[in-house]
Each structure stands twice: as structure tokens, then as C-alpha cells.
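All remarks here apply to the structure that follows.
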Amino acid sequence: MENEKTEHEKRESSSNLEKGDHVVAQTNPQFHFDVHDLDRVQRRLKQRHVQMIAIAGTIGTGLFLGSGGALEAAGPLGALIAYALVGTVAYSSLCAVGEMSTWAPISGTFPHFAARWVDPALGFATGWNYFYTNAISTPVEITAAVILLTFWDHNSKHISLYTAILCVLVCMINIFGVRYFGESEFIFAIIKLTLIIGLLLVGLIVDLGGGPQGDRIGFRYWKNPGAIAGSGLDRNIFGLDRFLAILSVIVQAAFSFQGMELVVIAASETESPRRNIAKAVRRVFYRILVFYILGILMIGMLVAYNDKDLLFLQGNNTAAKSPFVIAINRAGIKVLPHIVNGAIFTSAFSAGNSFLFCSSRVLYGLALRGQAPKVLTYCTKKGLPLYAVLVASAFSFLSFMSVSSGSNRVFGWFVNLSTTGGFTSWFVMNVTYIFFRRGLLAQGYDPTTNSYHNRFQPYIAYWGAGWTLFFILINGFSVFWKFTAAGFLTAYINIPIFLVLYFGYKIVFRTKFWKPLEMDFVTGIPTLEETETPEKPPKNLGERIANIIF
């Protein structure tokens, strides 16, 4: 009762939300809701780190290179529709987890929210699903970075050396601590922003005939060969074949958007997390609109979907196969491909860096709540969850599998498993928010007074949950036209893995769904006074500009 009184008084003293009529504090140690004695991470990510991670965190090989595969598969309009749809789902998912994270900026993030407000078994399954999908994404990005280096060095004997160097660098950045991670991501974000803005401007100039050759392209390729490509799965039905082509791009588009939730996973290590996360989430809509939608629109204007030089037609994943570079080369601008390849290389390296960070922090959160070995809760004096980072780092060395041609199939499974696993995480984020909001209202809290609240909730959460469930079910639909056991497993194996984790934990620990009046919104959650520092107003023009950007 003493702990319950303390938590109740803490919430009363907080201006974060209007006080609920029915305050619940779960004191049962089985749930591990109050982990202050174990949680040793420190708030070392500054505002500029968080904002730049939010602005450029997901801009990477999926947009610069993977967009070529999307264009080839569905055509310019088809790719645009697919990316716009997945963008709305990614946005709804981030809004949902952003609102929960500003309420509870603690270690464990959305897997803990699922355990806290839906069912402990769901939190367990979600946490381990997110851990392994991010852990195996790290070697995928390292491999992509190594392939990008072959743009300059064609000697295959050097691939092992490059792989080893990149593995060590990614691991060392994370082992040095969150501040080094933040600084590296800040620099990479600036490079990515400069690249995408530069490519959009150059692309527009080339499209309007401003290149050395003076050829005005306009929407030429929307007319010939056409706006939407066919999938080739059902040529007898014209409309259905093009609809299937758009569906085929969904997974590629999702890969481009994954990692957007990094900003909320770092909430427990962010200065003034409620203010900074709220600001970052509010800006994400414009980031999607400007960089992704304009980017896909631009490549659809510059390159035809049946162009022989597109990425997936020849399989060499360097800047030479980027739709942007194809158009720039044909316009007679020769120096840019080297610059673009270097920038895309930093994007791939940055993505691997981020995936390692995410997997280690979720593993640490699981350990804090008793759903992973307790030894993983160990932190250094500077707040680094060292053992969790080391475990996550070990997965990076799976990138050596790509050196052996015999392992290519297994490595391809990693790529698909990490992408489809992301759909499961988005689904859980939205479902958890629906439960979270229902509990708040039942206990008399006003969600609109939270540090961040989206006025379209809960409707966008229903939108996100519905579409992600649809994505999970259809992501491997093409296998039913040309069935192979390997293709089927690659597309759907994540579903039984998740269900085994969920029902296994539920049966062993006899967990149940939380009822709205049983949900704990106070235990172990710091108040505004404990996390937020006064925001310093800008003193001059330079600081005003920096405040807008960061």
C-alpha cells in the first residue's frame, strides 16, 4: 500500500495529464512494472539527436535503391499508391506508440506497453519478435553496405575484409555508448538529408530539360510504357493483374519505412523525452510527404518501369542501379554517381547501426521485466546496457553468410523475415494503443492532455491495425500462383513463430488480458518534473533556425 500511495502522489503532482478518477498501481512483483532499482540507462540523447533521427531515420537503401524494384514491379503510379498507403500505416503506428511513449518514457517501449495494457504474453511475444527481426536486419544492412563498396572495388576477395571492418565499426559505435550512437546518427542524418534534397532538385531539373542534353521528360513514361505495370500473375484479367502488381510492392515499401519507431525506442535515454518525442512525431507526416512521396513521384517521372538498367533487372545493388543515378547518367551528368554511392553507403551503415541499437534496447527492456535473462540488465556506470548490446552485436557477424554463395537462400530469408516481422510490430503498436486509450477513459484520464495526442485517434489506430493485419496475410500472396515451399515459409513463417511465443508464455504463466479498470498507468512511470527540463528560448536568428530544424 505504501508503494501504491507513492505512485498515486507522484501522478497527482504531475501536470502531464488530468488526474484520473480511478488510479491503479500494480504492486505484484510478477509484473515487474517498477524497475527503478534495475533500470540504469541515462538520458544522454539531446534534442538535436532525436530530431535528426526522426527526420532522416528511415531514409536509406529502401528509398535510394529499393525504389527501383518498386518502380519495376508496379510502374510509377502503382509504386506511388503503394508507398502512400504504407506511409499512412507507418504514420498511424508511430502516432500510436508516440502517444504511449510520451505517457511512459521508460525502457522496454512498446513491447512493455503491450504487456502492461493488453496482456503480458503479448508483450513477451512482441518483444522477442522485435528483437530478432531487428537483430537479423543488422547483417542485412551491413551486407548492403559491402555491396555498395563494390561500386569502386570489384575484387571479390576483399568482401570478407570489408564485412569484418563494418561489423566491428557498427558494434564499437554501440559499445561506446548512446552519446556516440547519437552523434554518429546525427552526422549520417545530415548526409542523407543533403542527398535526398539534392537528388530531388537535380531530378526536377533533369525532368524539366535542364540537363546538359536539354531533353524535357515530363510525364513521358506515365504514358509509355504506362502508369501501372502488370504483375504477370493473371494476364487474362487486366485490372486484377495491375492490382496484384501494386500489392507486390507493399513489402518493399514497408522495408523503406521500417525503423521510424527508433525515436520512441530511445525514449528512456532522451533528454526531456515528452517534449522531444512529441515534436518529432508531429513532424513525421511532413517527412513522409516530402521525402518518400516526392521521391517516388520523381523516379517515376525520370525512368520507365521496363528500363533494362533498373536495380532488380540486373541485381547489382550499387548506386549505378538507383533510378536517380540512371536518369542523371543519361542526362549527361557523370560525376554524381560516385557521390551518391558514397552517401547511400553511409545510409546502409547507419541503418545497421540503428537496428543494432533497437534490438539491444528491446532485449534490455525484456530483461528488466523478467522476460529475458536477468544478466542482460547489467549497465555500465555511463548507462550502457553492455551485455544486451553484446548479444545483439553478435548477430551482425551473420553478414559473413553473404560471402558464401551457398548461404544466399538463408540470407534471403533473413531479409523477408525482418520485413514481415515489422508488420507484426506495427499491428501490436496500434492494438496496444486502442487498449491503452480505452483504459485511460475508463479510469477518468483525459488523453488530450497528454504531452502528445493526435486528434484523429483512435480512428488512425484502427486504420493502422486493420491494414497491418491485411499486410501480414497477403505479403506472400504471389506464392499461391507459383507455389514453392521455400517461398511460402519465407512469407509466412513469422506468423507461427509469433503465435508459439504468445501462447507458450500464456500457457506457462497463465496470463490474462487486462480489463480497463485493472490497467496500471502510474507504477514506475516518471512524472513531468522528473524528466523534463525548461525549454530555452532561441536568443538569435541562428538559434531560431536551429530550433526549427532540430
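A Cβ is built for glycine as well, from the same backbone N, Cα and C atoms used for every other residue.
The structure displayed is predicted, hence computed values, not measured ones.
Per TrEMBL, region 'Disordered' is recorded for 1-20.
Residues annotated as domain 'Amino acid permease/ SLC12A' in TrEMBL: 49-513.
Per TrEMBL, the feature transmembrane segment maps to 50-71 (among others). Sequence-distant contacts of the transmembrane segment (50-71) (same chain, six or more residues past either end, CB-CB distance under 8 Å): 79, 82-83, 141, 144, 182, 185-186, 188-190, 192-193, 195-196, 199, 249, 252-253, 255-260, 262-263, 266, 270, 276-277, 279-281, 283-284, 287, 291-292, 295-296, 299-300, 303, 305, 310-312, 317, 319, 321-324, 340, 344, 347-348, 350-351, 354, 549-550.
Beyond the transmembrane segment (159-180), the same-chain residues lying 6 or more positions past its ends with a Cβ under 8 Å from any Cβ of the stretch are 41-42, 44-45, 138, 142-143, 145-146, 149-150, 153, 266, 269, 349, 352-353, 356-357, 360, 380, 382-384, 386, 389-390, 392-393, 396-397, 399-400, 402-403. Residues or ranges marked as transmembrane segment in TrEMBL: 159-180 (among others).
Within its own chain, the transmembrane segment (186-206) has Cβ neighbours under 8 Å at 48-49, 52-53, 55-57, 59-60, 63-64, 217, 291, 294-295, 298-299, 301-302, 324, 327-328, 331, 333, 336, 340, 343-344, 346-347, 349-350, 353, counting only residues six or more beyond its boundaries. Feature annotation from TrEMBL assigns transmembrane segment to 186-206 (among others).
Counting same-chain residues at least six beyond the ends of the transmembrane segment (284-305), those with a Cβ under 8 angstroms from any Cβ of the stretch are 54-55, 59, 63, 67-68, 70-77, 79-80, 83-84, 87, 90-91, 94, 196, 199-200, 203-204, 206-207, 217-219, 221-222, 224-226, 229, 256-257, 260, 323-324, 326-327. Annotation comment: TrEMBL describes 284-305 (among others) as transmembrane segment.
Among the features that TrEMBL reports, transmembrane segment is placed at 343-364 (among others).
Annotation comment: TrEMBL describes 384-404 (among others) as transmembrane segment. For the transmembrane segment (384-404), the residues of the chain that approach it from at least six positions outside its boundaries are 40-41, 131, 134-136, 138-140, 142-143, 146, 159-160, 163-164, 166-167, 170-171, 174-175, 177-178, 352, 356, 359-361, 363-364, 367, 375-378, 410-411, 414, judged by C-beta separation under 8 angstroms.
Look at TrEMBL and you will find 410-436 (among others) tagged as transmembrane segment.
Residues annotated as transmembrane segment in TrEMBL: 456-477 (among others).
If you look at the transmembrane segment (483-505), the same-chain residues 6 or more away from its ends with a CB under 8 A from one of its CBs are 120-122, 124-125, 128-129, 133, 371, 409, 412-413, 416-417, 420-421, 424, 472, 475-476, 511. Look at TrEMBL and you will find 483-505 (among others) tagged as transmembrane segment.
Mean pLDDT for the domain 'Amino acid permease/ SLC12A' (49-513) in this predicted model: 87.
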